[in-house]
Amino acid sequence: MESPQTCCEQGHQNLEAMKAGMFLRKVKSRTWKRQRHYKLQEDCKTIAYKSSWAINSYSTFSISDVEAVRAGHQSEALLSVADEFPADRCFTLVFRGRRGNLDLVAESTKEAQAWIQGIGALMENMENMDESTKLDQWISDWFSKADLNKDGRINFKEAKKLLKMMNVDMNEEHASSLFKMADKSKSETLEDQEFVEFYKMLTERAEVLDLFQDYSSDGQSLSQCDLEEFLREEQLEGEGSYEHALQLIDRYEPSDTARMNHMMSVDGFLMYLTSPEGSIFNPERQDLFQDMSQPLAHYYISSSHNTYLMEDQLKGPSSVEAYIQALKRGCRCVEVDCWNGSNGEPVVYHGHTLTSKILLKDVITTIANYAFKASEYPLIVSIENHCSIEQQEVMARYFRDILGDMLFTNTADSSELPSPEALKRKILLKGKKFENESENPTGEVSDEDEAAEMNKDSPVTESPPTNGKKLQQNLCKELSDLIFCKSVHFHSFEHSRTSAKPNEMSSFSESKARKYSKEAGSDFVLHNTRQLTRVYPSGMRTDSSNYCPVDMWNMGCQIVALNFQTAGMEMDLNDGLFTQNGCSGYILKPEILCKRERLFNPENPEKRDDYHPLLFYVKVISGQQLPKVKQKAWFIVDPLVRVEIFGVPLDQAKQETKHIDNNGFNPLWNETLQFTIHTPELALVRFVVEDYDKASRNDFIGQYTIPFTSIQPGYRHVHLLSKDGMSIHPSSIYVHIKITEQ
């Protein structure tokens, strides 16, 4: 084993090699391989790259944008050149959000190792930073951008330009006096640490200081008793708030002296308010907190539609990478559309379209490798089977051999579905199935409901759909035996209530599901207390757009399949719901959607027995370091905040603040928005920040979506996410939340 000193020396050598820069081949496919020059910048946080023919025009990306480094042939592009470049020279950088991977080939094994180990070490350093260090780091990054001649100093003119880049439009006189105060060396320039001080003076939070002084006995600090009073009065904490006050002082107070005296300074107070504990999301609901031993039908299940697609539904690429991305986000139901391929190998793609094809065995291998990385709870693989008997036999063999013990095939008669707890680390196949040998001696079954629906809806197909008759298709026994969730055609709620077995499930297009919810809401809710229901997007959504999942969740539908590759409000809602309960991909449905004896209809929530509407007050106080939406030096945003409520129809509402001119840095709104929430357990709250534009549509700045039941009352920060659902630290809005009975 290498000694720590050897590891340290190796780490230093890796960074030096990366800083010196080297040519790496960027690979997109077997035929697209280009030399690029990559080098680590002096800040050890940024990688610059340029084409071999470019003179000085380097582009950059941040190490913090990289989620993982995969060594070897661990992507489709690198697998396609495996015969040309050995695995020990290949590696893949996986980026956060929806940005594509970067596949690279080094000239030697040693060079590949320098990058793989070097980037890994830099990522680990960033992961281990506390919030305070991250903020200093963020400020230093801006300083580096302004320091054009790289002498480690910026003058007042450069500082003013930088403030514009950072979304600050400030009175020049005020900025100049703060600049002089920060210029401790009296050199009329600021060095790195002096600039950090300058920035902190600029961002002094008057609204936080006022609150701090309201509770401070001496106007200078909060004693443990002062902080306890704040926690009880404002944050509505009950028992244990005295002990909690001391924990917060120990955790967030930067001054050793204050900490030893059980006191909190205004810096410590601000650090607490901007920490995860001071956020709007109740930390007690962040980890696994729900009962996982109820039948599967009692849970919402994070579900993806046509998981193999990276882009649109007609001509975009299919990729195993799409499965990796969905599974890493906690998705617990993925879809596999299987068709006959050449050489007896089944393929996965969107049939009758120009989407590319991938091998089924590669998809199953990927699922086996990533199924339980984000969650240990069961994964459902929804199979749309269009293969011949011969290729179905191959399908069955792959599922059996590659998934092995993970595959759950026990279909012993039971009065209800097993629980997520009982099915931990198990993969359940959903598809067409024989119930017994005598049921269908010819081996014929109706085709998947969705395929028929898609053919009917879809405006563009590669080949014409059949003439409207039910497609008949043979099914092989080997594949049927592996299916746990049996796909069945939906006849009526009455038929399901009297005849359906627990492992039988139906699929509905979004329009069918909406129709049933309007016509027979209570029956639909009752159906979903026993049976699993899958809802999928209309075949007309060829651009991979999504429908609003909340309408389906209101009915208790569990498998509400969305196009995970498409960012937007619908995926924000999905991410918001499934962020709680340890990101396990399973959320226990509210009791009103699980009880069979008390019928609930989302269309008439006021008719339930225990109807207790709540008043929800959101005081939008201020914003912090909102990102620019247009990267022009002179452009500064005019932000407004909109609060949107999603839930039962009676709860759907939105209100917004006025916009603030030219201030994305520290806008102050101080506006209170008020809502009535009729069914709190089904409500989701989405905070949206936009750049106001009177001439055209507002530009999106950031958002955050949270289940109403996970909201913490009191003074809270809402940490904003990008359109892709990624953190845009340190951007936030500061709010006061109050919830009372009507």
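The backbone N, Cα and C atoms fix where each Cβ goes, and this holds for glycine too.
Because TrEMBL annotations are produced automatically, they should be read as predictions rather than curated entries.
Owing to the predicted nature of the structure, the values given are computational and were not obtained by experimental measurement.
According to TrEMBL, the feature domain 'PH' maps to 16-124.
A C-beta separation below 8 Å, combined with a sequence spacing of at least six in one chain, links SER185 (O-linked glycosylation site) to GLU191, GLU194. As annotated by TrEMBL, O-linked glycosylation site applies to SER185.
Look at TrEMBL and you will find HIS305 (among others) tagged as active site. Around HIS305 (active site), the same-chain residues six or more apart in sequence whose CB sits under 8 Å from its CB are GLU335, TYR536, PRO537, ALA561, LEU562, ASN563, PHE564, listed in sequence order.
Summarising the annotation, TrEMBL assigns Ca(2+) 3 binding site to ASN306, GLU335, ASP337, GLU384.
HIS350 (active site) counts 25 other C-beta atoms within 10 Å of its own C-beta, drawing on all protein chains shown. Under the heading active site, TrEMBL lists HIS350 (among others).
The substrate binding site annotation in TrEMBL covers LYS430, LYS432, SER507, ARG534. Around LYS430 (substrate binding site), a 10 Å sphere centred on its CB holds 24 further CB atoms from the protein chains shown.
Look at TrEMBL and you will find 458-470 tagged as compositional bias 'Polar residues'.
Among the features that TrEMBL reports, domain 'PI-PLC Y-box' is placed at 482-593.
The domain 'C2' annotation in TrEMBL covers 594-722. Counted with DSSP, the domain 'C2' (594-722) comes out as 12 helix, 59 strand, 58 coil.
What TrEMBL records for ILE636, ASP638, ASN662 is Ca(2+) 4 binding site.
If you look up TrEMBL, you'll see ASP691, TYR692, ASP693 marked as Ca(2+) 5 binding site.
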- List the Cα distance (Å, whole number) between ASN662 (Ca(2+) 4 binding site) and ASP337 (Ca(2+) 3 binding site). 50
- Message: Going by Cα-Cα distance, which of the recorded positions (ASN306, ASP337, HIS350) sits nearest to LYS432 (substrate binding site)?
- Response: ASP337
- Query: Does ARG534 (substrate binding site) have same-chain partners at least 6 apart in sequence with Cβ under 8 Å from its own Cβ, and which are they?
  - Reply: SER303, CYS333, SER382, LYS430, MET505, SER506, SER507, PHE508, CYS557, GLN558, ILE559, VAL560, ALA561
- Query: Taking Cα atoms as reference points, which of the binding-site residues ASP638, ASP691, ASP693 is nearest to ASP337 (Ca(2+) 3 binding site)?
  - Reply: ASP691
- What is the nearest of the recorded positions ASN306, HIS350, GLU384 to ASP691 (Ca(2+) 5 binding site), using the Cα of each? ASN306
- Task: List, in sequence order, those recorded positions among HIS350, GLU384, ILE636, ASP638 whose Cα sits within 10 Å of the Cα of TYR692 (Ca(2+) 5 binding site).
- Result: ASP638
- Over the domain 'PI-PLC Y-box' (482-593) the mean pLDDT stands at 95
- CB neighbours of ASN662 (Ca(2+) 4 binding site) within 10 A? 15
